[in-house]
C-alpha cells in the first residue's frame, strides 16, 4: 500500500512513475466503463451545460478518454483543443472535426495550425488531465509546466478528469502549481474548497 503523505514518498517524479504504471494497467472494459461514468458525471454539471466555449485536452490512450464527448459536442459547442507552442505556452484552436487533428509534439494529437485560434479569455470552461489529483484540486502532470502555466492565465472554471484511484489526500506541490475547481471521477464529483 502506498502512502501519499509520507515524506519519503513526496517526490513528484516517484509519484509520476507510480501512477503512470498504474494507469498503463487500467485497460479494457473496466477503463471504458469508468470513462463513460466520468463523462456522464461531467454532463450533469450546470457549468458544463451553460458553457458555449469549452477547452478540452485530447486524451492519450491511458488518460480519461475525451474523444467521445468532444465528438458529441462538436456541433453544439465551440470545442477548443490545445497545440504546443513556444514553451510553456499552449494555443487553443476551434476543432470542427476530429480529422483536423494531427500528431504533434510529444506524440499528442494537436489541431492543425490552419484552424481558428481562440483567445484564452473567451474560454468559459477548461477540462484538464492529470496523472493524479489531490483533494485540494492540485494535479500532478508530466512535469513540463504547460498546464500549470495555462491554468494560471484562465479565470474560468477548471475541471480535472480522473479515475477514482488517481485522487489522493495530498500531493507535493511547488509555488507554480495550480489547482482545479472540480475533480470528476467515475465515482464522484469533488468540488474543491479554496480555503
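Even glycines carry a Cβ here, placed using N, Cα and C.
TrEMBL lists 12, 13, 14, 15, 16 with the feature ATP binding site. The feature substrate binding site is assigned by TrEMBL to 58, 63.
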List of residues, in chain order, with Cβ under 8 A from that of residue 63 (substrate binding site) and at least 6 apart: 23, 57, 129, 161
Winner by Cβ contact number (other Cβ atoms within 10 Å) across the binding-site residues 13, 14: 14
Integer Cα-Cα distance in angstrom, residue 15 (ATP binding site) to residue 58 (substrate binding site): 23
Neighbouring C-beta atoms (10 Å sphere around the C-beta of residue 16 (ATP binding site)): 16
Distance, residue 58 (substrate binding site) to residue 12 (ATP binding site) (CA atoms, angstrom): 23
Residue 58 (substrate binding site) CB neighbourhood, other CB atoms within 10 A: 21
Other C-beta atoms that fall within 10 angstroms of the C-beta of residue 12 (ATP binding site): 17
Additional residues surrounding ATP, by Cβ distance to the 12, 13, 14, 15, 16 centre under 8 Å: 11, 17, 18, 140
In three-state DSSP terms, the structure that residue 12 (ATP binding site) belongs to: helix
Length of the line joining the Cα atoms of residue 14 (ATP binding site) and residue 58 (substrate binding site), in Å: 25
C-beta crowding around residue 15 (ATP binding site), within 10 angstroms: 19
Rounded to the nearest Å - Cα separation of residue 16 (ATP binding site) and residue 58 (substrate binding site): 20
